[in-house]
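**Student:** Residues or ranges marked as domain 'Phosphofructokinase' by TrEMBL: 157-463. Per TrEMBL, ATP binding site is recorded for GLY164, ARG227, GLY228, GLY252, ASP253, GLY254, THR255. Feature annotation from TrEMBL assigns Mg(2+) binding site to ASP253. Feature annotation from TrEMBL assigns site 'Important for substrate specificity' to GLY254. Residues annotated as substrate binding site in TrEMBL: THR281, ILE282, ASP283, MET326, GLY327, ARG328, GLU382, TYR439, MET440, ILE441, ARG442. According to TrEMBL, the active site, proton acceptor annotation covers ASP283.
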Amino acid sequence: MALGSNANPLLPLSGTSIPSNYANRNLKSFSDFYNPTFIPKFSAKKPLFICNSRQPFSLRIRAQTSNASNVNVNEDQISDFIIEDVPHLTNFLPDLPSYPNPLKKSQAYAIVKKTFVSPEDMVTQKIVVQKESPRGVHFRRAGPREKVYFTSEEVRACIVTCGGLCPGINTVLREIVCGLNYMYGVDDILGIQGGYRGFYSKNTIKLTPKVVNDIHKRGGTFLQTSRGGHDTNKIVDNIQDRGINQVYIIGGDGTQKGAAAIYKEVEKRGLRVAVAGIPKTIDNDIVVIDKSFGFDTAVEEAQRAINAAHVEVESVENGVGIVKLMGRYSGFIAMHATLASRDVDCCLIPESPFYLEGQGGLFEFVEQRLKENGHVVIVLAEGAGQDYVAQSMHAFDEKDASGNRLLLDSGLWLTQKIKDHFTNVQKMAINMKYIDPTYMIRAIPSNASDNIYCTLLAQSAVHGAMAGYTGFTVGPVNSRHAYIPINRVTETQNTVKLTDRMWARLLASTNQPSFVQYCELACLSPFHQALPSSDVVYSLLVKAGLADQI
């Protein structure tokens, strides 16, 4: 089956054919599994793999690198250079015209040595390798392209923010607007108010650089937000009715899944609409990317609460301070805030099982620190100990509009448990100080570091959409910004690995018990009421990646 006349003109492949191996996969053209905007010119000794995000990992394509006009596909010849590519509008609109990038005439880019990102530029996911290691997975490098698929006059863009708040949302919003206007001359930009449901139930506002000029100095989101409300058909109907052709979606895991659904519906309808996601989560639980925006700000703000707790407990006899921080499933904020503070005696996170009573338990550790120092500070991620709390309170799982599990207040639970133990069992008076800055750390403007990061995210998203990429999200991979298929950042959550060095550094810093060595005994025989059941402990060990060690 030869490459037909409908093939993308941007793919200069003469005489290329789809091998018989793929005949039963209903592929109409070479572009069905090969990104048409990518022309392999690699001179590397090893061959190249491309995984198109439309069929992730199912088709691996080996391109002969010596001559781009004679690209052969051979399923039997295996390569270790894998590209997880993002969709392009020309995948389903092959006759889409392209235009010279207006950045060629931009004063800002006039002195840049290399204005445009080469189609050959890739970002590797793994940078620590051994001599004979496979070259592994790569992503397309973010940045401006020499050709764009929209003119300034025809762009009608919209921006929506969804889910919980996070420092830096307004900075991303501002820089998308300014980037579209200053770099590409786009004037028609809409703000969708109130999250996904704003597409069909709220008014929109016109966004200009003047309107968003100082919003980065405020916390929250200028456009307002909400959870849930995603109705793919209604949203795409609205996009189509309004003539929107670029959609920028700022949100977390659930939001990005919604963005993927919007892209799929847009592709199904054959609409010329670029869908770009900007991942947002204060918990830093998005995989692939180095970290999420607003995380540094949250860790920095958490220091104020920890410092306050330390001052309080240091000023009284037998002071016990508990600081509850955000972290539903991932304990990154608690871990990094603890490492940054150096005043924390114990850090409890969702990934690490812990127990209260018995040898090596939390009560024993608190008593020891009180005898040594006269005070103790505990940092608790909000998701830590949820199974224990639920077991104690006989609670049932409930979820919010985004599908997230509604958390029980583990901070108040732990506070009461420690009070009861030392009052009733140890007959020891303690001064308990409980601080909950949960929403304070996410409602502030982003700091200088996050502001710069947000600018890079926003500009990378704008460059990608203008270049015709769609169904992608953007973020730094090993400090280089890349375009990542949305499904890659939503397929799982990033969690603290208890077997990694960062958690070991924390344990070395606080000198707290790891609690892990006791889990085998707890699983075999939970002999005390304060210990979790064997099922609870085992589930926590599975989450932590330690189940195979017992």
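Along the chain as shown, the residues are counted starting at 1.
Glycine is no exception: its Cβ is also placed from the backbone N, Cα and C atoms.
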**Student:** Of all the binding-site residues given, ASP253, ASP283, which has the fewest Cβ neighbours within 10 Å once its own Cβ is left out?
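**Tutor:** Counting other Cβ atoms within 10 Å of each of the binding-site residues ASP253, ASP283 gives the minimum at ASP253.
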**Student:** Could you tell me which of these binding-site residues, GLY164, GLY228, GLY252, GLY254, GLY327, has the greatest number of Cβ atoms within 10 Å of its own Cβ?
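**Tutor:** The residue with the densest Cβ neighbourhood is GLY327.
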**Student:** Count the Cβ atoms, other than its own, that fall within 10 Å of the Cβ of GLU382 (substrate binding site), considering every protein chain shown.
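**Tutor:** Around the Cβ of GLU382 (substrate binding site), 25 other Cβ atoms lie within 10 Å.
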**Student:** If I restrict to non-local contacts, at least six residues apart, and a C-beta distance under 8 angstroms, what lies near MET440 (substrate binding site) in its own chain?
**Tutor:** GLU301, ALA305
**Student:** Within its own chain, what residues at least 6 apart in sequence put their Cβ under 8 Å from the Cβ of THR255 (ATP binding site), listed in sequence order?
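**Tutor:** Listed in sequence order, they are CYS162, GLY163, TYR196, ILE249, GLY277, LYS280.
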**Student:** In whole Å, note down how far the CA of GLY228 (ATP binding site) lies from the CA of ARG442 (substrate binding site).
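**Tutor:** So the alpha carbons of ARG442 (substrate binding site) and GLY228 (ATP binding site) sit roughly 20 Å from each other.
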**Student:** Taking GLY164, ARG227, GLY228, GLY252, ASP253, GLY254, THR255 as the record's ATP-binding set, what's the max Cα pairwise distance in Å, rounded to a whole number?
**Tutor:** 12
**Student:** Which residues of the same chain, at least 6 positions away in sequence, have a Cβ lying under 8 Å from the Cβ of THR281 (substrate binding site)?
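**Tutor:** The list for THR281 (substrate binding site) reads GLY163, CYS166, GLY252, ASP253, SER292, given in order along the sequence.
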**Student:** Can you work out the mean pLDDT of the predicted model over the domain 'Phosphofructokinase' (157-463)?
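**Tutor:** Here the mean pLDDT over the domain 'Phosphofructokinase' (157-463) amounts to 93.
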